[in-house]
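**Q** Can you read through this structure? Questions will come right after.
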Amino acid sequence: MPLPSEGPGPDLFISGSGLLPPPPHGGSGLLPPRPSVRNLLPQSPAWEKMAPRSSRGIAPAMLCGLSLFLGFPGLVWVQISVPPQSSPHTEPHPCHTCRGLVDSFNKGLERTIRDNFGGGNTAWEEEKLSKYKDSETRLVEVLEGVCSKSDFECHRLLELSEELVESWWFHKQQEAPDLFQWLCSDSLKLCCPSGTFGPSCLPCPGGAERPCGGYGHCEGEGTRGGSGHCDCQAGYGGEACGQCGLGYFEAERNASHLVCSACFGPCARCSGPEESHCLQCKKGWALHHLKCVDIDECGTERASCGADQFCVNTEGSYECRDCAKACLGCMGAGPGRCKKCSPGYQQVGSKCLDVDECETAVCPGENQQCENTEGSYRCICADGYKQMEGICVKEQIPESAGFFSEMTEDELVVLQQMFFGVIICALATLAAKGDLVFTAIFIGAVAAMTGYWLSERSDRVLEGFIKGR
C-alpha cells in the first residue's frame with residue numbers, strides 16, 4: 001500500500017469560512033469509507049409495514065370500499081398533514097469542528113490501548129504494544145469511531161483531510177506530537193493559538209497571554225475569523241477591558257489585576273460606594289454637593305407630553321399618562337383634574353361628569369329605547385324586537401322541530417344508503433371468516449341492496465345527484 005510522501009502536505013482550498021484540503025481522488029485505501037447519508041439516517045419502520053399481506057382480507061376490503069362508495073354521496077378526500085420543517089441550524093466554525101475531531105481522535109487512542117492491553121504478561125504486552133502503537137490497524141480502529149453518525153461536518157472534514165491524517169500518523173508524530181496544532185493550525189489553517197484571532201492570528205487586545213485583560217472575551221479567539229473586539233464583563237470597559245465601566249469605580253488595582261465595584265445607584269462616576277462619593281450623575285440626575293439629586297422633568301421644559309396627557313415624575317426620568325375620558329386636557333389623573341370637559345360631559349362642582357341623554361326623548365324610532373353610555377348614548381330595540389332593515393320588528397319564536405324535520409327526502413335516502421353500506425361492510429368481514437350463517441346473510445343483504453338501487457325511487461335519487469341537486 002503506498003504511503004504519503006514526506007514532502008509538503010496537499011494543496012489547500014477555501015471552503016466556507018476556513019481552508020480545507022481537496023477531496024482525495026481514489027484515496028490511499030487506508031481509511032474506512034465515510035458512511036453515506038443513507039447509512040447515517042435511521043431506517044424507517046414504514047418499509048416493514050409495506051410488506052405483502054395475506055390475500056384473505058382483500059375481498060372484505062374491496063366489498064367494504066364498494067359499499068361505502070355506494071352509500072356516500074361523494075368522494076371523501078383525506079388531507080395528509082406534513083410536519084413543519086425545522087429552522088436551519090447555524091453551522092459551527094470549522095476550527096471548532098476540527099478541535100472536536102482531534103479531541104475524539106485522542107480519546108480513541110486511549111480507548112484502543114485500554115481495550116487491547118491491560119493485564120497479564122507485561123513483557124509480552126510491551127512487545128506487542130510497540131508493534132500495535134503506530135500500526136495501520138490501530139489507526140483504522142480509532143477513525144471508525146471518531147465522528148458520530150449525525151455529525152455531518154465532522155465526517156466531511158475527516159474525508160477531506162484523510163491524506164493529512166495518514167501523513168501525521170506515519171511520519172509526523174515524533175516531530176509534531178500535538179495533532180491539533182499540526183492539523184488544525186499549521187496544515188489546514190483553520191485555528192489560531194490561544195489569545196489570537198483572524199487570518200493572520202493577531203494578538204487579541206491586552207496581549208495573547210491575557211486577552212482582554214482577563215475580564216472579557218476576545219471575539220474570534222483561537223479561530224481564523226472574528227474581529228478581535230473585547231466583550232467585557234459587567235463593570236469593566238475600555239478597548240482591552242482595562243478600565244472600570246460606567247457606574248463602577250476602582251476598588252483595587254495592581255500590575256496584573258483590577259477590581260471594579262459598583263457606585264451608588266444614580267452615580268455614573270464615583271470615588272467610592274457611598275452616596276456622597278459621586279463625581280458624575282446618570283441622565284435624569286443632577287450633581288449637588290457630591291450627591292446625585294433627581295431632576296423633576298415635569299416642572300421644567302424637559303418633559304414633552306401630548307395635549308391629552310399629563311406628566312408624572314419618576315426617579316431619573318418621567319412618564320406621560322393619558323387624561324381621563326371626561327377631560328379635554330388635564331393637569332393630573334381623574335375627572336377632577338380636567339382643564340375642560342369633553343362632549344357628553346358637564347362640569348359639576350370641580351369634576352366633569354357624564355350627561356344622561358336618555359332623560360330626554362332622543363330615540364324617535366318606533367319600538368326603540370335609549371341606552372346611556374359613557375359620554376354618549378345609543379338607541380336599541382325594545383325587548384321582544386329585533387333590528388331588521390333599519391326598523392325594529394317583533395321577533396317570531398319558531399316552533400320546536402325534530403332532528404330530521406329540516407332534511408329533504410333525498411337527504412334521508414342518502415343517509416339510509418350510508419347506513420346500509422356500513423352494515424354490508426361488517427357482514428362482509430364476518431363472511432370472510434368462513435361462517436356459513438353470516439355468508440348467507442351477507443348474500444341476502446347484497447341482493448336486497450341491489451334490488452333497492454334498481455327500484456324507481458333510487459333511480460330518482462341518482463338522477464337528482466347527476467343533475468347536481
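All positions are counted from 1 along the displayed chain.
Each Cβ is built from the backbone N, Cα and C atoms, and glycine gets one as well.
Annotations in TrEMBL come from automatic prediction, not curation.
What TrEMBL records for 1-41 is region 'Disordered'. If you look up TrEMBL, you'll see 202-242, 354-393 marked as domain 'EGF-like'. Residues or ranges marked as disulfide bond by TrEMBL: CYS232-CYS241. Taken from TrEMBL, the feature transmembrane segment covers 412-430, 436-454.
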**Q** Of CYS232, CYS241, which of the disulfide-bonded residues has the most Cβ neighbours inside 10 Å?
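**A** Per the Cβ count, the most surrounded site is CYS241.
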**Q** In the predicted model, what is the mean pLDDT computed over the domain 'EGF-like' (202-242)?
**A** 94
**Q** What does DSSP give as the helix, strand and coil breakdown of the domain 'EGF-like' (354-393)?
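**A** Tallied per class, the domain 'EGF-like' (354-393) gives 3 helix, 20 strand, 17 coil.
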